[in-house]
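Student: Before I ask anything, let me first share the structure, which is written out below as structure tokens.
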2 protein chains.
Amino acid sequence: MSKLTDVPKRILIGRALRSDRLGETLLPKRIALPVFASDPLSSVAYAPGEVLLVLSIAGVSAYHFSPWIAVAVVVLMFTVVASYRQNVHAYPSGGGDYEVATTNLGPRAGLTVASALLVDYVLTVAVSIASGIENLGSAVPFVVQHKVLCAVAVIVLLTLMNLRGVKESGKLFAIPTYVFVGGVFVMIAWGAFRGLVLGDSMRAPTADYHIKAEHQGLAGFALVFLLLRAFSSGCAALTGVEAISNGVPAFRKPKSKNAATTLAMMGLLAVTMFCGIIALAMTTKVHMAENPATDLLHNGVGLGSGYVQNPVISQVAEAVFGKGSFLFVVLAAATALVLFLAANTAYNGFPLLGSILAQDRYLPRQLHTRGDRLAFSNGIVLLAGAASLLTIIYGADSTRLIQLYIVGVFVSFTLSQTGMVRHWNRHLATETDDAKRRHMMRSRAINAFGAFFTGLVLVVVLVTKFTHGAWVALMGMCIFYATMTAIRRHYDRVAEEIAAPESPAADDDLTRPSRVRSVVLISKIHRPTLRALAYAKLMRSDTLEALTVNVDAAETKALREEWERRGIDVPLKVLDSPYREVTRPVIEYVKSLRAESPRDAVSVIIPEYVVGHWYEHLLHNQSALRLKGRLLFTPGVMVTSVPYQLASSEAAKLRARRRQEWSAPGAVRRGPAAERAKATPAAKESPAAKD
Amino acid sequence: MSKLTDVPKRILIGRALRSDRLGETLLPKRIALPVFASDPLSSVAYAPGEVLLVLSIAGVSAYHFSPWIAVAVVVLMFTVVASYRQNVHAYPSGGGDYEVATTNLGPRAGLTVASALLVDYVLTVAVSIASGIENLGSAVPFVVQHKVLCAVAVIVLLTLMNLRGVKESGKLFAIPTYVFVGGVFVMIAWGAFRGLVLGDSMRAPTADYHIKAEHQGLAGFALVFLLLRAFSSGCAALTGVEAISNGVPAFRKPKSKNAATTLAMMGLLAVTMFCGIIALAMTTKVHMAENPATDLLHNGVGLGSGYVQNPVISQVAEAVFGKGSFLFVVLAAATALVLFLAANTAYNGFPLLGSILAQDRYLPRQLHTRGDRLAFSNGIVLLAGAASLLTIIYGADSTRLIQLYIVGVFVSFTLSQTGMVRHWNRHLATETDDAKRRHMMRSRAINAFGAFFTGLVLVVVLVTKFTHGAWVALMGMCIFYATMTAIRRHYDRVAEEIAAPESPAADDDLTRPSRVRSVVLISKIHRPTLRALAYAKLMRSDTLEALTVNVDAAETKALREEWERRGIDVPLKVLDSPYREVTRPVIEYVKSLRAESPRDAVSVIIPEYVVGHWYEHLLHNQSALRLKGRLLFTPGVMVTSVPYQLASSEAAKLRARRRQEWSAPGAVRRGPAAERAKATPAAKESPAAKD
């Protein structure tokens, strides 16, 4: 049935790769780190540059504030990491921020977090790929000259990979992530060595440029505002930190402890890289501007629209390693690769969150069950479509896309941390053991500080970035929120409508029909109809008749004669059809049966061909399908298909089987289903999960 | 089921108008003439011009050959009309050329004719609308300045009208057709009066232009070839003559006689108009050229690409009535309208022929039954798409489109007339009555001359037009022929595969299953599942159990408890699903039941929600649909849907009902089904109709 709509997709993406089912291995820390941290670690590739860009508005002198902004980001990072370490201990089921917010603050807060995260996933794809293209472009100019095209191509590639169900593998993540982290550390170390020990003067390619300040000599409130904006941009380094809290079930035991440790490692690596890059950028005198074409001057002359502003990390690498050197190219490639992997995490996280939301009936139910490839595919295509749209609208410019990015992250941080405070309050109300109480109070303090700080940052981000694009992200959140509320409302309404009454006698609708009258639809006598007749007889209904519609008098006559000749012991009823229709006479006959004896049910048995190809499908069953569709609206009727498998159906059967054996995106980070089930008791507190 | 794919169409075309069903009235001759003859009569709007265009290649002196070409066309017209008068008497069932060729020359000839006619319908739309736009353009310059756009707009409009099922009404045809015919006759009469009696010198707007001959002073073979080409173009006047022979059942009694009379009237009107327009064009000195921009000179200077060459009929009308006069505008409007109506006849003829072809299994079966809106719609959209494509490719230039046009017509003429000769031969072999024999021999002579003459013209057309575009039409015919052959082959193969053996005992496949084991799929306890359980119990199968898949341990536990609390007297079987899938465990369980006792059939009963909107459909039944699709491939299974109509389904039910009450295109010209059935014995001779 779903075959027809599936065809264009199948042509495009081919068949799922045969792979081990769901990869039931748990992740050791050394693999979990790259799997979950490629997103936050990769953000150091663009976050430092964004800080410098914003500061450049007040001229190069404002660059001196950058270490202070770095310090603020580091403090924020430690706060967030410390907060989430509490989360992974308290909620080992992997529901993440959505679960924490729903459980402690109610479904609306949960849905807000979910909307924010969904928007975030879209932006993770758009920002990471745009930044990856820019980094790749510093080594391969062609790429940056065809920025939008290349970015969309990478999105399409990732989409096809995920639609085909290429399994996320720990190793795939580990190598580029460790090469990237290693490369940045080598760069920082070598840069420090050259600068401090050898006393080399390393100069970035933009070291000799001058910045034309848009607002020279900012002071007072305006300066504070600018610094806050720069800080907001630097906060891009924090995106993706929450990923580990969604993935606790995928860790080896002790799960929560390992997850917390990995979180700490991730935080430490991120801040070191962030600060190191900022420091090197200061040392090598990197100059960046929001509008490099006009605001960056070389010998007093603007650089013009042909100038491509390379990312900070690549300018620094050029200064430290030398332009075009082996290490420079390796680092650029690893940076791009890690950024693409970060985008890929969104492909895994989006359907995963969708599946959790589907469980709470905010999204179509079929997203909940695994292995439902079609539902996952729709999610992936939606994600890719939205990300491509943003990429095209914003010209694959990471700086412009980042303006949209951080709102969602901090909405989810703030609500999650607030929820954690409530969580500890509730537990403290019943806990009597003093040691445990002290522990809880410490956790509560951490989360409270986290909630306060991230909330503050959220306000700063909203104030400083709203007009720069944050409103787009907010609008996206509203759309997700409204859609999911509507879906939930629909399901609730239906659930109410179909709820079974406690005493069946009280309900008209459920008065048992007393008899069943079966009707087998016949067009010709052949194997499918004979099989349908044989099956119908087996069912021993109260009455059984065969039904044919007289579309062509000669054919009907021939059918009647053959019926008698073969001595088929089921009465054959012929319906007249003055207009050569099939559906209407059958529907009217069924209705007349019901009118005769309203307490009888009618069972309509339809022989159906099962064919192998969609175009064959167009040649068969069309009248049957239409009739079935109409019969479903007729009360008191059940419709039975008796399939007859044509030889060509074998091919389709194999195809359907293969299609089922794909690996759902997010399988690795989600952990095995059994592990998840074990860990879910906490989730049962959720009001949404109860009904 | 078909609802989903239907949605985009519904949005576009809205709901079918409520109209009287199929218009069961038979047509009197005065209405039948405009209904069937708008196509051949309207072709006099472009055929005379095409003759002049071709002749202009040899310079204006060649125009003197045009009366001779007109004579040839007239002779051909009389021949064809006389021939088809034999057809309508011999084949009153309305199968037309396809039936005649199939019955007398075999299915391949029939299929060739059908392919030719299908191509012809596409070209009727393209040519008529292009010409209509050109005629309208002579009064409304905007239209001709945006030729392609306007032509496509008219195609879209006609398509929407036909998709909505706006009924063809006799009156709709009668008024513009009679205005057009009347207008042309008034023009001819007034022109003759002014010229012969008043001695006015009427001058066409192009009378003072000179034609730069592409080949000056052609002689011998080259001249003959050119004259033949001009004659081929003039033959465009004959397109659509065969329409009446398809529509005999729609006539009042005596059907064949009335049809033959109408045919004769149509022929007479057409040749009079054709000759009159040629004569007036000569008198008023119309000058036309194939490439007016370069080959038409005014005071020795080319007219340039801005020059729009108006059709002959409008140039003549301008000369006779005066530019912008009331009668001129009326005639231009009527001409355009009749040409659009001619295009509309193709919208009616295409699905009508499709339905006959479907009866012989050359096209999907559902085209055969009437009132199957979806199937008709597909035909209409195919026709419109092909016509739009040609219109765009050929720039809505009627002259270029006509090159493709006439091949199909003459293929079908020639084969039909050859078939008629065979028909008479066969009847003469058994007929003994002398009077009848004489009559038959006369008819045979007419048809033989018709076959010879039209065959000759076919050769002329192919030779003179092949490189000018006829090859496109031939290619189109080949595509239709190949597709229809493949469809027929598929149906034949399936028919063979499913043919019922004479003695059921001889066949493994049909050994009756001994028992049936019913399984009701349960997800939760609510009205739909309770209804499904109640219906399943009614069926009294040998075993009955309820089946649920354990996707969520807590939900399953709750289900089990409620099951016991309610005391449901059907055993509940729980299938484990380690990967949270639904389809696979059920399929495997069903297979295991079959493996246990291979002679049992398994009945799977699925509760199904019936909702009102397609987007609601996305929220329900998706797992059920997928499961159903997979179960159909499992042998020995029947699948029963027990629908539960949600409140919102009422809307959809009404919609479905309204959708059924549309009028199928071609209903008027096809005649009531009963009339057709009465007349079909002749069709039973057809080998295709027998099997």
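Backbone N, Cα and C define each Cβ position, glycine as well.
Grabbed the feature section from TrEMBL, which reads as follows:
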REGION    A:657-691  region 'Disordered'
TRANSMEM  A:65-84  transmembrane segment
TRANSMEM  A:111-133  transmembrane segment
TRANSMEM  A:139-160  transmembrane segment
TRANSMEM  A:172-193  transmembrane segment
TRANSMEM  A:218-241  transmembrane segment
TRANSMEM  A:262-282  transmembrane segment
TRANSMEM  A:326-353  transmembrane segment
TRANSMEM  A:374-396  transmembrane segment
TRANSMEM  A:402-424  transmembrane segment
TRANSMEM  A:445-463  transmembrane segment
TRANSMEM  A:469-487  transmembrane segment
Student: State the residues, same chain only, that lie 6 or more residues beyond the ends of the transmembrane segment (A:402-424) and have a CB under 8 A from a CB inside it; answer 'none' if no residue qualifies.
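Tutor: Cβ under 8 Å, 6 or more out: 46, 50, 80, 83, 86-87, 90, 96-97, 100-101, 103-105, 109, 112-113, 116-117, 119-120, 123-124, 127, 232-233, 235-236, 238-239, 242, 390, 440-441, 443-444, 447-448, 450-451, 454-455, 457-458, 461-462, 465, 468-470, 472-474, 477.
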Student: When you look at the transmembrane segment (A:65-84) alongside the transmembrane segment (A:218-241), do they share 3+ Cβ pairs under 8 Å, ignoring any pair fewer than 6 residues apart in sequence?
Tutor: yes
Student: Restricting to CB pairs under 8 Å, which listed stretch, A:65-84, A:111-133, A:139-160, is in contact most with the transmembrane segment (A:469-487)?
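Tutor: When the Cβ pairs under 8 Å are tallied, A:111-133 comes out ahead.
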Student: Are the transmembrane segment (A:65-84) and the transmembrane segment (A:445-463) near each other by the rule of at least 3 C-beta pairs under 8 angstroms (pairs 6 or more apart)?
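Tutor: Taking Cβ pairs at least 6 residues apart, the transmembrane segment (A:65-84) and the transmembrane segment (A:445-463) are in contact, with 3 or more under 8 Å.
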Student: Can you say which of A:65-84, A:111-133, A:262-282 has the most Cβ pairs under 8 Å with the transmembrane segment (A:172-193)?
Tutor: A:262-282
Student: Out of A:65-84, A:111-133, A:262-282, A:326-353, A:374-396, which stretch touches the transmembrane segment (A:139-160) the most, going by CB pairs under 8 Å?
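Tutor: When the Cβ pairs under 8 Å are tallied, A:374-396 comes out ahead.
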Student: Using Cβ atoms only, state whether the transmembrane segment (A:374-396) and the transmembrane segment (A:111-133) have three or more pairs under 8 Å that are 6 or more apart in sequence.
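Tutor: Yes, the stretches contact each other.
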